[in-house]
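**Student:** Dumping the structure here so I can ask a few things about it.
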Amino acid sequence: MALPALGLDSWSFLGLFLFQLLLLFLPPATTAGREGQGPTPRVKYHAGDGRRALSFFHQKGLQDFDTLLLSDDGGTLYVGAREAILALNIEDPGVPRLKNMIPWPASDRKKSECAFKRKSNETQCFNFIRVLVSFNSTHLYACGTFAFSPACTFIELQDSRLLPISEDRVVEGKGQSPFDPTHKHTAVMADGMLYSGTMNNFLGSEPILLRTLGSQPVLKTDNFLRWLQPDASFVAAIPSTQVVYFFFEETASEFEFFEKLRISRVAQVCKNDVGGEKLLQKKWTTFLKAQLLCTQPEQLPFNVIRHAVLQADNSSTDPQVYAVFTSQWHVGGTRSSAVCAFSLKDIKSVFEGKYKELDKETSRWTTYEYPDISPRPGSCSKGPSSDKALTFMKDHFLMDEPVVGTPLLVKSGVEYTWLAVETAQGIDGQSHLVMYLGTSTGSLHKAVVSGDHSAYLVEEIQLFPDPEPVRNLQLAPTQGAVFVGFSGGIWKVPRANCSVYESCMDCVLARDPHCAWDPESQTCRLLPTPILKSWKQDMQQGNPEWACASGPMGRSLGPRSRPQIIKEVLAVPNSILELPCPQSSALASYHWSHGVEAIPEAPSTVYNGSLLLLLRDGAGGLYQCWATENDFSYPVVSYWVHSQDQPLALDPKLAGIPRERMEAPLTRVGGGAALAAPKSYWPHFLTVTVLLALVLSGALVTFLVSPLGALRARGKVQGCGTLPSREKAPLSSEQCLQPSKEGRTSASDMDADNNLQGTEVA
């Protein structure tokens, strides 16, 4: 729209001048959420943000809520904390409710022994619960560090409540729980037997894979044969039909590298393994391990595995293992993380492939072809293995080929520590993989994997105001929530926050499989079961122009430029206004318009998304902040700006749109107050005014000092500015005394004190 010529009276000239100075002294604008490489969370909630409803459970005197177990019926969450085990009722909405709690502290004798071994009695010499699994419908099985003396026990259940632990049922837990609470570990119950991976000694230098409980014989890895490196660190155990897979990382022995190279592994042991009769007695006879490779082309690999889970989808013929990786190298000085998917078929295929063999003469690993032994060594065949097969297995436990994963999500500047996954069915009938990722700084990311096997981030929730790692994640599908364990308690996070999307287009652009637009209630809601086809969702493209095109959309589409509500700003002339633009999506780009034109030539600037405007004659009218996302543009907020001196009638095209008046004062140049947005720039105005006064004062002083200096220079003795005193070296006839035409500064005119002599009177 054409703008009238602006007259410059004294106040408007001063306002224009101060407005330009204000822009010079504004602090640097902040950049929104595009830190690092990889997908950006569309919506980010800071700690305490009221838009994201969270529930928090804590118990006075307890800490280190590290171990979580969901009951079979999904209504109870069992929690292993420091020296206590809790049962929480999670069926009711809101904060989880404590059913009961049983203490399980380390004995005083064990704590004294722990302190005697130079361990901290403030942070280490306690019983940290590390294993909490369901043994059957009436008992849990728990293990703890027990002040560096691991112990285990059965816990009886009665109506999902925990019965007290009997001391005579506490047994040694070596090999099932770590000694040190900081050591990583894993354990899983499969077919009534406990498979655990942990450190087996006080020093933390003897890793072990152990099978206990059940009817099968107790088996473990052979430490003498170095099947595992001394620094092996276990992160997950996943049972399959015939085998149990262990996921861990250790120092690589098969590669020559200029530094200590960490490598991620998957190992397998057969469930029907009974150990050897002569060789490998009470040892695994089916232990094999292979490299896990999670990398992008021409990039350093993500070689440190942090966690892994199996997506148990009954409809899938090829189950997938999803694992979180970081890198031991900080590329660009920042941490980076990746999520890779591994097919169980690919893992099985690698374990059926070629082996590696250590050449004892060169100390190098070489490829070994298939052995001429039947059944194949390491296979889950029935019956005892031959001595030839067992001899072969002692030295051929490493597979030649790696298991190559598919990168789904790669992000720099973040370190993922935990992972939970589920599938969600959309309106299109397709299943969509949803991942919940905990970070080392206390955030929770919700990611969705699209059809091209790449993930996008729906939201980021900062759980803690201060950085603190997520200790554990437990998904409760029947409750529609994710439970997050950390040092001080348990967070209950609803897995979707549909109500934050206020329009159909915002709901569709979010591409959250749990959310869809209900045209009847005109709200974005959780997708019901069974799915209603009349609801609006587009998981493939996120195109609101297509998804919201038909049916009653409420506050959704219509003419794109037509706002949903107009915020009326009635201000005085020459006032500095801030018109905020709520940036609900970090994936959108934002720009401002004035009517149907671009921002006018009136003094204005965009600062942190907000429009700073000096209101002058002709600068009123409709101001709109626009968002463009996924090639779709829509107005985010609309302002009708006019002055108190010359009210501007609302454009007839905007008739019928609800209006909201803004009544917050802002700076006015020349006195008075303006009505606009809630933030005041009065401090900036004062700063600019003071600086202007200082500049003017400095200029005035400079102007006055220059002539005074010239006058003073004329009054000085020519030649030397000052004459030395009598205590200094006497002046020579050539020093500083130049003959003058008037003869008043010759040596004969000076007395002994270097003073000018007067004329004698006769």
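Each Cβ is built from the backbone N, Cα and C atoms, and glycine gets one as well.
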**Student:** For the annotation region 'Disordered' in Swiss-Prot, which listed range does it cover: 353-393, 722-762?
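**Tutor:** From Swiss-Prot, the annotated region 'Disordered' range turns out to be 722-762.
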**Student:** Disulfide-wise, see what Swiss-Prot says Cys294 is paired with, picking from Cys270, Cys340.
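**Tutor:** When Swiss-Prot is consulted, Cys294 turns out to be bridged to Cys340.
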**Student:** Which one, Cys498, Cys524, is listed by Swiss-Prot as the other cysteine in the disulfide with Cys507?
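**Tutor:** Swiss-Prot says the disulfide from Cys507 goes to Cys524.
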**Student:** Looking at Swiss-Prot, which of Cys125, Cys152 bridges to Cys143 via a disulfide?
**Tutor:** Cys152
**Student:** Which of these links to Cys515 by a disulfide bond in Swiss-Prot: Cys498, Cys504?
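**Tutor:** According to Swiss-Prot, the disulfide partner of Cys515 among Cys498, Cys504 is Cys498.
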**Student:** What does Swiss-Prot give as the disulfide partner of Cys114, choosing from Cys125, Cys270?
**Tutor:** Cys125
**Student:** If you draw a 10 Å sphere on the Cβ of Cys294 (disulfide bond), how many other Cβ atoms land inside?
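**Tutor:** Cβ-Cβ neighbours of Cys294 (disulfide bond) within 10 Å number 28.
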**Student:** Provide, as an integer number of angstrom, the distance between the C-alpha atoms of Cys524 (disulfide bond) and Cys498 (disulfide bond).
**Tutor:** 5
**Student:** Compare the Cα of Asn121 (N-linked glycosylation site) against each of the recorded positions Cys152, Cys294, Asn497 and report the nearest.
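**Tutor:** For Asn121 (N-linked glycosylation site), the spatially nearest of the recorded positions is Cys152.
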**Student:** Identify which of the disulfide-bonded residues Cys152, Cys507 has its Cβ surrounded by the largest number of other Cβ atoms within 10 Å, counting every protein chain shown.
**Tutor:** Cys507
**Student:** When you tally the Cβ atoms that lie within 10 Å of each candidate's Cβ, which of the disulfide-bonded residues (Cys125, Cys380, Cys498) has the highest tally?
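**Tutor:** By the 10 Å Cβ neighbour count, Cys125 comes out on top.
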**Student:** If you count other C-beta atoms within 10 angstroms, which of the glycosylation sites Asn121, Asn136, Asn497 is the most crowded?
**Tutor:** Asn497
**Student:** Which Cβ among the disulfide-bonded residues (Cys114, Cys143, Cys270, Cys515, Cys524) has the fewest C-beta neighbours inside 10 Å?
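**Tutor:** Lowest Cβ count within 10 Å among the disulfide-bonded residues (Cys114, Cys143, Cys270, Cys515, Cys524) is Cys270.
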**Student:** Whole-number answer please: how many Å between the C-alpha atoms of Cys143 (disulfide bond) and Cys125 (disulfide bond)?
**Tutor:** 15
